[in-house]
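Enquirer: I have a structure here, written as structure tokens, and I will follow up with some questions on it.
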Amino acid sequence: MGFKCGIIGLPNVGKSTLFNLLTKGNSAVANFPFCTIKPNIGIVPVIDERINNLNQIVSPQKTVNAFIEFIDIAGLVKGASQGEGLGNQFLGNIRDVHAIAHVVRCFKDDNITHIYNQVQPIKDIDIINSELILSDFDLCEKTILKLQKKTLLKNKETQEKINTLKKCLNHLKQFFMLKTLNLNKTEKQLISYLRFLTLKPTMYIANINEEKESYYFLDKLNEIAKKEGSIVIPIHANLELDLVKMSDEEKKSFMKLFNIKTLGLNSIISSGYHLLNLITFFTVGDKEIRAWAIPNGSTSIEAAHKIHSDFSKGFIRAQIIKYVDFITYKSEAKIKEMGKFRTEGKQYYIQDGDIIHFLFNV
């Protein structure tokens, strides 16, 4: 299973430009709404310096990074939850992702139309978030009615679901996102199958330019994100798209000339990884070094299954080397000599950076 991050926002805010930047592809970028009708899916590698360091020691035939799927979802409009602008289809696409990258236009440009004829980032956010809230409200209300019709109403879990959903419904009724509702772990598990849109972890991508007004908009965006526990990543999407096309030498010179210290692109990828609460483990061999993305809190049996179902079915044990030990001692023999080689069972919790060799028998 790939971990999916959906790129959403109003039409003409820079979603497809961002998608092109992430994938270095050529998704159609057009100055009119609904240019992207079917979601474009891009497999984006997660840049990790550790895999480069391992590569220098082992010199394998092949190196494979962990990845995230970014999905460019067509622009939403006011009334999407009622079907406006193919809204139901697009909202359904969002429900399938694990996290959201909400692109917000924070620049003025007379050559790029705004669907509501005025650049107002805060209002734009309200439009999108309101549609997500209304969609969740509708789903929540229908699910409560469905559960109440069940003959097994005395079932404890069903009643707990109803109680939790009523709590959610009341919060949504006040036009609050569910991520701002204080739900405990059990309550979240009870309703997880519904994949509520306003519970999904979100990062706001502020598409800026070099004008001062962009930074005024950016400050306002940060205020909203802070209230709901989201993050904001500023990016000059068109500028960075030009940078992607340059050679490394040209890129360095350009960044130095315009005093660009870090690229928003890298922040988006790493933040997507963080939003999805993922960690990385490595498999290391002469043929291949591979980084694997798994949810934080995964056990060794779950990590084994990530590689292949046979690994988990016939699991015997996992041999663990810490990344820092591998980099320090550079050979398995030396690692064993220093007492840094460990064997773990099925319920060992994988730590970020673990290098694992699975022993199994099918």
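Count begins at 1; order follows the chain as displayed.
In case you wondered, yes, glycine gets a Cβ from its N, Cα and C as well.
OK, Swiss-Prot features for this one:
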type    : residues                                 : note
BINDING : Asn12, Val13, Gly14, Lys15, Ser16, Thr17 : ATP binding site
BINDING : Ser16, Thr36                             : Mg(2+) binding site
DOMAIN  : 3-255                                    : domain 'OBG-type G'
DOMAIN  : 277-360                                  : domain 'TGS'
Enquirer: Counting by DSSP secondary structure, give me helix, strand and coil numbers for the domain 'TGS' (277-360).
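Expert: Going by DSSP assignments, the domain 'TGS' (277-360) contains 26 helix, 33 strand, 25 coil.
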Enquirer: If you skip the near sequence neighbours and keep only those at least six away, which residues in the chain come within under 8 angstroms of Gly14 (ATP binding site), Cβ to Cβ?
Expert: Val103, Arg105, Ile205, Asn207, Ala237, Asn238
